[in-house]
């Protein structure tokens with residue numbers, strides 16, 4: 001069943017309206033009509049099953065059938081922070097990371113990042129990434145669309161570290177050194193609603209200087225198994241492990 | 001340090017030879033010379049650190065410095081079986097799945113598979129996939145290069161099911177129905193060396209008929225969390241969960 005994200009908060013009403021792009025998609029693209037059912041996901045994370053009661057020239061009217069029952073969101077808020085990788089890797093970290101339940105994404109210029117974007121390029125990239133997050137959220141039946149924030153400087157990123165309850169740093173050298181217990185330790189101690197920041201380097205990895213900065217701000221160095229994962233694969237391992245630990249065990 | 005896969009079995013020798021493509025790569029591509037160190041990964045899953053003692057016109061001679069200590073392979077043998085997906089999704093299931101430790105890959109025409117390949121196309125696709133597995137295995141420091149087998153018929157696939165100790169079937173409907181415990185149950189009961197087949201549908205998912213066939217042959221239906229994962233994402237979730245459960249806990 002098709003899912004639409006609305007910008008307004010849910011409140012119990014006899015009638016709901018869908019306009020704009022979602023209206024266009026409903027009526028023109030997939031040609032829905034009276035009696036068809038859709039999901040309406042509201043900004044306050046409530047999702048309802050709604051039935052179309054009327055299709056007008058500029059809006060669709062719907063009535064609530066029932067609340068969506070199943071909890072689709074991870075019990076913790078995971079922020080995936082990636083040092084800018086090459087090419088379109090960031091796009092697909094965001095697409096796959098959204099499917100796997102990330103709450104939001106931050107990109108930042110790490111010391112090993114090769115790409116250099118001016119503000120114009122960065123804004124364009126961010127819009128592209130936001131669209132990808134939106135589409136992936138709809139496709140994977142998320143109740144929230146992850147935010148994407150692409151930062152201009154590493155400093156802006158370090159200033160945000162204090163906002164999080166836990167900071168996990170995926171560190172290749174930790175994996176090489178056989179570090180095996182930190183991730184399970186962190187995940188087994190999380191409380192529902194905790195804000196967890198998971199930091200991943202670009203192709204070249206995080207530098208010793210960056211590691212020092214992050215560990216100085218309570219960043220925990222974690223290995224993600226004995227195999228060396230690419231910068232776009234490591235966040236997916238992490239999110240899968242979070243889901244497995246907190247949703248399936 | 002560069003890693004080369006050799007087709008012969010390891011045995012303790014005073015001197016090892018590298019010829020053919022690996023010779024070309026060592027000498028012509030990355031221009032290694034006497035005294036340089038490389039990993040040599042043998043067919044029997046032993047990997048050594050070796051030092052180049054001589055570069056000849058057709059081969060490189062090396063001596064063993066030490067065995068590679070760290071175990072890079074999952075303690076169980078995971079076979080990822082994918083109903084043929086569209087486009088190049090199979091290629092990247094294999095690339096990422098190799099990074100994440102899959103032992104081998106099987107592709108088969110599922111009922112919902114849209115792609116139809118003649119033998120010529122299938123063989124070409126398989127060669128391409130084998131190359132991708134090889135490159136990913138080197139890059140992620142695997143000790144084994146996963147095999148890739150692309151089958152012509154679903155029947156050939158079903159005939160292989162008896163070879164496995166455990167069969168896990170990723171079933172979207174199970175996830176929708178809130179199935180949460182089967183995967184953890186299966187993984188917590190595995191014994192080292194167990195052969196586990198994990199089956200994933202194409203874009204359209206597995207059909208009820210396929211599910212019946214698989215469950216009739218001790219396939220266990222597993223949900224992979226409450227979010228709907230694309231056919232190329234689900235195998236990565238599964239492999240990450242296996243690694244987290246068996247390598248990090």
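Note that Cβ sites are derived from N, Cα and C of the backbone, with glycine treated the same way.
According to TrEMBL, the protein has these features:
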{"type": "DOMAIN", "residues": "A:18-62", "note": "domain 'Ribosomal RNA small subunit methyltransferase E PUA-like'"}
{"type": "DOMAIN", "residues": "A:72-242", "note": "domain 'Ribosomal RNA small subunit methyltransferase E methyltransferase'"}
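For the domain 'Ribosomal RNA small subunit methyltransferase E PUA-like' (A:18-62), the list of distant contacts is 1-10, 68, 72-73, 141-144: same-chain residues at least six beyond its ends, Cβ to Cβ under 8 Å.
According to DSSP, the domain 'Ribosomal RNA small subunit methyltransferase E PUA-like' (A:18-62) comprises 10 helix, 18 strand, 17 coil. Mean pLDDT of the predicted structure over the domain 'Ribosomal RNA small subunit methyltransferase E PUA-like' (A:18-62): 92.
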